[in-house]
Amino acid sequence: GFFQSYAVEVDIKDASNATCLYAEWMMRFLIKYETNSSDYKIAALNLTSSVTHNGSVCGSDTQAALLAVQFGEGHSWSVNFTKTNETYQGDFITFTYNTNDTAVFPDAKRKGPVTIVVKDTMRPVQLNNVFVCHNTDFLEAENVTQVFWNVTVQAFVQNGTVSKRESRCRADTPTSTPTVPPTISNVTTASTTTSSPAPTTAPKPVENPDTGNYSLKSGNKTCLLATVGLQLNVSQDKPLLININPKTTVADGTCGNKTATLKLNDGNSTLIGF
């Protein structure tokens with residue numbers, strides 16, 4: 001079953017206590033994850049009644065605005081907004097879910113936070129207009145379906161007052177009413193538990209990286225030692241997770257009196273410098 005999904009209202013103030021970023025919306029997440037028995041299940045993650053907005057930023061002509069919320073057992077969601085001389089729009093959405101939350105992810109094989117980054121599909125909105133979308137919108141990436149409805153948002157609010165002028169999403173009409181948010185049953189046509197191997201439409205999530213031991217020597221003495229597991233989250237055309245394999249990674253670099261450099265090359269032109 002589902003927990004109650006709560007509406008979120010965030011009113012960010014600037015240094016003069018005037019509203020600079022306002023949003024009210026509802027959202028839900030459907031997440032496919034692997035269990036310890038190598039089956040795949042779909043978890044429904046809803047907002048709780050207690051939501052914080054730590055890290056939200058007003059934004060300016062030179063800095064993006066950021067709307068960030070945290071909820072539940074280590075889950076967070078954020079979107080940043082950029083603007084031109086005439087418009088503003090959403091840029092990237094970052095969502096982190098924590099599979100240590102056993103109430104949502106029972107028997108999850110992968111433990112800890114998982115982060116995905118998705119390009120926001122929001123169209124440019126005229127400055128001093130509020131963006132409104134009552135109808136349901138979906139974003140799908142990396143085994144996660146993000147669901148939004150009853151959205152009202154304005155970034156770069158002018159004069160501390162949320163505008164009365166609306167810019168509606170394509171799905172809305174002046175007489176439209178909010179649509180019923182999806183459930184597990186009407187989003188997925190397959191059973192919520194499938195046998196291994198996973199279907200091609202839901203690739204196996206990237207596991208946590210193996211821990212490697214990397215060291216540098218100065219003469220016959222070790223001058224730098226790093227024991228670390230490394231995973232890259234690359235956002236270009238689409239988000240991509242890459243684990244650095246310590247079995248195929250070569251350490252190089254230098255040690256100086258005041259600085260040291262560690263370079264790692266995994267043999268596939270992936271180079272990381274510390």
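Backbone N, Cα and C atoms are what each Cβ position is placed from, and that goes for glycine too.
Unlike curated entries, TrEMBL annotations are predicted automatically.
Among C58, C169, the one TrEMBL lists as the disulfide partner of C133 is C169. If you count neighbouring Cβ atoms within 10 Å for each of the disulfide-bonded residues C133, C169, the highest count belongs to C133. In terms of DSSP secondary structure, the domain 'Lysosome-associated membrane glycoprotein 2-like luminal' (209-271) contains 0 helix, 40 strand, 23 coil.
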